[in-house]
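Read the structure below first, then the notes.
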């Protein structure tokens, strides 16, 4: 019954103890689980999932586990229930030694997100060890003269258990001379001493055999015994005496071996051998003390034998005995404590619990990269550890617990600037001098598609000569992307503009992998001069990014078009007859060859040359004007002359064409050139012809007067102006004005605005474009005269005698008048207004695209001249162009192609400045009146 009560009492004590331990952890702010030592595998320690408020369903996914290799050998976590279980039995004595408390810190780590939890497990001691004496037989010698009350220290027993399970008492077998006294040291250990209660009498009893028992406080208690043999010695009545009963010294843990720590002194008043004192360690001094310290037997010097380690043991306490040489020998003992002073001899060590090897560059600031713990076994300030990383890195350290840190991102990451980081973590203690440890964490930055492809230029200009071969490489549009992987793979595509009629894909092809632009067909400058398109570079990221570049392609002109003769024009292989009055002098204008070239620039700059003639000395051809004149006076009996005029451009190689003129005196031209005007009656006589001419002259005067009055009235209604008739037979209203704005157009009237210095500033041809039929050759008879037409439609029955067949004037070549899109920018205008003479020299613009515009304007001017429109009265330097080209464009730098426009039957050319330079008035377009041998019919 008594045993049953005791068992219930023990159970209650254990339950109370476990309850106090469990709740003590919560009071201290830390979860602590008590568990008895030597618990079997699978023993329940605590439910960490419940205590850490974790979802048990996600424990497997988050991989809840115990951190640290040492702790993983003893504990494990059940991922199904979240329970902390014993993995291997724990021996408290092997784990914590003789420490009063055995606390094992545990760290738990979860993933997704990465988190750490801390708890403690207290290993509760179990009374599984019995006290044991160093030896089973203890020998003690006591002089018979020892007085009662003298104490003799005994070797104490050792118990591996701690706390209440350690040694709690000593017992001595019953006897009449000795008693047992137990002293408690500062560390809580008990030291037995033998107390002499009665004087000894060696003669009665020389030795005593006693039993010494050590009992622990476990339940049930365990005990250990040793035999104590006491020998009674002969009288030595003075024992050695120490100066003090206990000594305490301090020494640095870094003290070198061989250092003398203390010298003990003991005196014995006896003489002889009884006064010789010998020092030695007491019998119960542990071996670890004997291995560290050496005690000289005669001098009492305590010498250090090996290195000290404050972190392993911070003090040593043992007994030293002094014995004399008497018989029996007498001895005395003292207590010696050696305290170790901590020295900063241990550098901190860093443990990276968990780290991410790769981090995307889009990670937000505050993302956990690694969990770091630091430890320093030193004490005090030597164990205070601080952690740091380089300042220039976009990372920071956050303190979670004591000596626990989290490495997080502190700013944005850019893989293109830095693709990996070697983060050196430095742990330093606060010792003097401080010690530090380095640990490098390697982190790779994964790419995110945050950079669009970029071209080296925002726009490209490509120049390609016409007549190129299909498939030729035009340009290579390379784009770069600082991203990596698929984010840096670039594909190219052609963007078609919506507002353009010409599709760029019909001219070029784009390689989607390399960005190379190839021509799909041959370019023709006369059809396409420029081509603009956009190319898009797009990466393969998610989402994809892109950029565009504008490409301007300019087609360069090649000399692939031969000059075309506009006037005089004959069918291929035929002659173009030209009439020459008899007995003309030198310098007489026979005709003017007008040619154009569809090319541009120097390729369109034509020159004229007399290639073939029966007598080249009779004729001269102006090199650039194309005027065919007589070089010497022509005799009256000159036979017909066949002149071959070659027209050649300035290209490389130059191209040319030719026109053949048949120049003959007027009597020889009538059989060659048929008269288009049919006569309904035979010629009668000179008197009748004179009558017809007189009637015609009167009619023409009336018509001219009426036209003049009508023109004058219109000019007076529109603005104050003066009427001026030009040599070509065209009248215009001239207005002097200092204002720069032009006059509004009016139908059927040529308006010319003059500046204060008389040059023409504004020309406007109103009304419809009427064709002027070329007049017949100059009449040779005295009663013939030249008829001048008004700008209106030709009158019925009007006599016309063209020098070339009218149907062949343009030979199927129709030149449309220039539209309003042909405008010159300020940078393309050759110069200020001024007159241009009809010399053979001239400067061509250097810019090919300026000359392209000028080429079109020249064609338009030549077309107007060929049609005989009123624009022939243009001002100097304007080449007879209409006002739509602006008064500021005078073509000073272009050869005067007005000289290439020739009006048959007239010596006038398209210039009004020659008269000013020569000091003469321009010649009339109707020439001299001469009689003809033929009748003219209205």
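Glycine residues also receive a Cβ, built from the backbone N, Cα and C atoms like all the rest.
Residue with Swiss-Prot feature N-linked glycosylation site, selected from 444, 907: 444. Record note: among 791-847, 848-904, 791-847 is the stretch given as region 'Disordered' by Swiss-Prot.
When Swiss-Prot is compared with the stretches 693-713, 714-734, 735-755, the one noted as transmembrane segment is 693-713. For the domain 'Cadherin 5' (456-565), DSSP puts the residue distribution at 7 helix, 49 strand, 54 coil. Mean pLDDT, taken over the domain 'Cadherin 5' (456-565), works out to 88 on the 0 to 100 scale.
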